[in-house]
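Notes to accompany the following structure.
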Amino acid sequence: SQIRHYKWEVEYMFWAPNCNENIVMGINGQFPGPTIRANAGDSVVVELTNKLHTEGVVIHWHGILQRGTPWADGTASISQCAINPGETFFYNFTVDNPGTFFYHGHLGMQRSAGLYGSLIVDPPQGKKEPFHYDGEINLLLSDWWHQSIHKQEVGLSSKPIRWIGEPQTILLNGRGQFDCSIAAKYDSNLEPCKLKGSESCAPYIFHVSPKKTYRIRIASTTALAALNFAIGNHQLLVVEADGNYVQPFYTSDIDIYSGESYSVLITTDQNPSENYWVSVGTRARHPNTPPGLTLLNYLPNSVSKLPTSPPPQTPAWDDFDRSKNFTYRITAAMGSPKPPVKFNRRIFLLNTQNVINGYVKWAINDVSLALPPTPYLGAMKYNLLHAFDQNPPPEVFPEDYDIDTPPTNEKTRIGNGVYQFKIGEVVDVILQNANMMKENLSETHPWHLHGHDFWVLGYGDGKFSAEEESSLNLKNPPLRNTVVIFPYGWTAIRFVADNPGVWAFHCHIEPHLHMGMGVVFAEGVEKVGRIPTKALACGGTAKSLINNPKNP
């Protein structure tokens with residue numbers, strides 16, 4: 001194994017991701033940020049300097065478990081203090097498992113501003129993947145707004161709320177087109193793009209040779225959009241999800257929610273004199289964003305040769321049965337670790353939209369999360385009892401709660417309590433969706449857990465009840481770090497609390513997290529080793545450091 005050392009500077013820069021100039025948060029002058037590539041077992045050291053003039057910054061390494069380095073998870077107020085302007089912070093962690101991962105900002109809505117990039121982990125030197133391919137294409141999906149994240153944050157925190165609306169553009173590797181379409185020739189209402197190919201918004205072309213197999217790695221770091229990926233005339237063989245191998249299956253398209261990643265294999269066995277569309281459309285919300293497009297270019301064809309037929313049609317946004325059918329097909333590959341048969345503790349988390357003092361919030365069991373100024377990891381390690389609410393949040397919601405009608409209760413409050421687990425405890429979480437403020441409306445939410453992979457034991461419609469127990473899959477449930485709950489439905493997951501630290505578990509939709517849609521899990525914090533001083537140089541832990549510089 002080796003050490004991969006990166007020196008990064010984060011700063012705002014002018015950029016035109018969708019042919020309209022805007023400001024993006026870039027790294028070393030790049031957008032998206034540089035790709036990290038390592039082998040399982042390697043150490044990754046990122047020397048991160050904050051060149052933003054007036055904002056702190058952190059970077060979360062999404063899907064990396066951070067065993068032994070919970071301070072390097074990159075979640076502001078949970079694992080570390082934000083890095084102040086002008087300061088440098090050293091992230092140092094091991095990448096344990098091969099897979100398709102990514103990194104992104106985790107302070108305010110900085111992910112939305114463009115602070116993200118890919119993190120690819122190959123098998124350890126000398127080991128091979130369990131499937132063969134001739135070449136590889138890496139695709140990072142995101143969504144883009146013309147409105148700045150500052151304006152979005154202020155709007156979400158205002159009364160009445162000003163919602164951010166749907167994104168202007170879907171970006172493929174940071175590239176999209178807003179005022180024009182590369183598929184205009186099939187639709188006279190669309191303005192054709194006049195692109196030479198060198199522009200920052202020119203599509204990222206997938207170049208392939210005929211009669212070969214390619215692995216396409218697809219990760220979604222969208223702020224809001226649930227996406228659907230398809231390639232004209234080509235079947236996709238799904239082989240990996242969130243860095244874990246799955247039982248391979250063929251599909252014409254995949255749904256991908258924010259925080260998820262997949263690998264699919266394609267075989268370039270179509271007519272070699274043609275090129276084919278790659279289309280990424282929006283699902284699960286009423287779309288107001290054109291699909292993101294690029295070409296699968298069969299070499300030696302010219303890139304200017306457009307496919308004979310229009311791009312594949314994205315499935316209807318509200319065809320939830322189709323989404324469920326795809327999601328339910330994902331199971332663990334043969335030989336994957338199986339979940340413990342019994343749980344020690346089961347927590348029910350009810351997802352509701354509520355109004356608190358006229359502000360629209362998201363809440364879990366009637367608590368809307370507002371992070372404290374002292375990072376939990378330091379507060380818990382050094383027993384700072386005043387740093388956050390010592391009363392744990394509720395583990396159940398009222399049995400008679402009606403998930404089919406808008407919430408009527410006025411009990412919702414802002415809070416920052418923590419769910420605490422014993423080391424080795426087997427924890428079940430039942431995520432329960434419900435109606436929003438508006439009649440007959442429930443949304444899809446992707447939930448992401450830091451510091452762990454979990455087994456997805458099952459999904460269902462309506463309210464979870466004891467009868468569902470027998471339907472849970474203990475035989476071959478997939479291991480994931482992100483899982484979706486469908487409208488008016490529930491999702492059951494199981495994980496082992498075996499990674500000392502404090503870990504966020506939250507909706508991966510950026511505005512929803514901003515509005516309080518998350519919880520905090522802690523386990524075995526007393527077993528956490530030395531935490532770099534700089535990670536805790538704020539809030540209550542800073543005072544301890546000043547008073548006792550040797551060891552807070």
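The first residue you see is number 1, and the count goes up from there.
Every residue gets a Cβ built from N, Cα and C, even glycine.
Residues or ranges marked as Cu cation 1 binding site in Swiss-Prot (evidence: experimental evidence): H60, H448. Neighbour count (other Cβ atoms within 10 Å of the Cβ, all protein chains): 23 for H448 (Cu cation 1 binding site).
H508 (Cu cation 2 binding site) falls outside any helix or strand according to DSSP and counts as coil. Marked as Cu cation 2 binding site by Swiss-Prot: H62, H104, H508.
Counting every protein chain shown, the Cβ of H450 (Cu cation 3 binding site) has 28 other Cβ atoms within 10 Å. When secondary structure is read from DSSP and collapsed to three states, H450 (Cu cation 3 binding site) falls in the coil class. What Swiss-Prot records for H106, H450, H506 is Cu cation 3 binding site.
Annotation source Swiss-Prot lists Cu cation 4 binding site at H445, C507, H512, M517.
Here Swiss-Prot flags C19-C201 (among others) as disulfide bond. Residue environment of C201 (disulfide bond) contains 22 other Cβ atoms, counted within 10 Å of its Cβ in all protein chains.
C538 (disulfide bond) falls outside any helix or strand according to DSSP and counts as coil. Take the CB of C538 (disulfide bond) and look out to 10 A: across all protein chains shown you find 21 other CB atoms. Annotation comment: Swiss-Prot describes C81-C538 (among others) as disulfide bond.
Under the heading disulfide bond, Swiss-Prot lists C180-C193 (among others). Under the three-state DSSP scheme, C193 (disulfide bond) falls in the coil class. Long-range Cβ proximity for C193 (disulfide bond), meaning a same-chain Cβ under 8 A and a gap of 6 or more residues, is found for C19, Q177, C180, S181, I182, A184.
Swiss-Prot lists 134-300 with the feature domain 'Plastocyanin-like 2'. Computed over the domain 'Plastocyanin-like 2' (134-300), the whole-number mean pLDDT of the model equals 98.
Sequence annotations record features per position, and here Swiss-Prot assigns domain 'Plastocyanin-like 3' to 344-523.
The secondary structure of N92 (N-linked glycosylation site), as reduced to three states from DSSP, is extended strand. Taking the Cβ of N92 (N-linked glycosylation site) as reference, residues of its chain lying under 8 Å away and at least six apart in sequence are, in sequence order, S43, V44, V45, V46, T69, A72. Residues or ranges marked as N-linked glycosylation site in Swiss-Prot (evidence: experimental evidence): N92 (among others).
N325 (N-linked glycosylation site) falls within a helical segment according to DSSP. What Swiss-Prot records for N325 (among others) is N-linked glycosylation site, and it gives sequence analysis as the kind of evidence.
Every protein chain shown contributes to the tally, and the Cβ of N440 (N-linked glycosylation site) ends up with 11 other Cβ atoms within 10 Å. According to Swiss-Prot, the feature N-linked glycosylation site maps to N440 (among others).
The Cβ neighbour count for H506 (Cu cation 3 binding site), using a 10 Å radius over every protein chain in view, is 25. Summary of the Cu cation 3 site environment: with the site residues H106, H450, H506 set aside, the chain residues having Cβ atoms within 8 Å of the Cβ mean position are H60, D73, T75, I78, H448, W503, A504, F505, L513, G518. Checking Cα-Cα distances from H506 (Cu cation 3 binding site) against the recorded positions (H62, C201, H448, H512, M517) with a 10 Å cut-off leaves H448, H512, M517, in sequence order. Comparing H512 (Cu cation 4 binding site) with H448 (Cu cation 1 binding site), their Cα atoms are 13 Å apart once rounded. Comparing C81 (disulfide bond) with H104 (Cu cation 2 binding site), their Cα atoms are 16 Å apart once rounded. Calculated from their C-alpha atoms, the gap between H106 (Cu cation 3 binding site) and H445 (Cu cation 4 binding site) amounts to 18 Å. Reduced to three states, the DSSP call for H445 (Cu cation 4 binding site) is strand.
Using CA atoms as reference points, the recorded positions H60, N325, N440 were checked against C507 (Cu cation 4 binding site), and the closest is H60.
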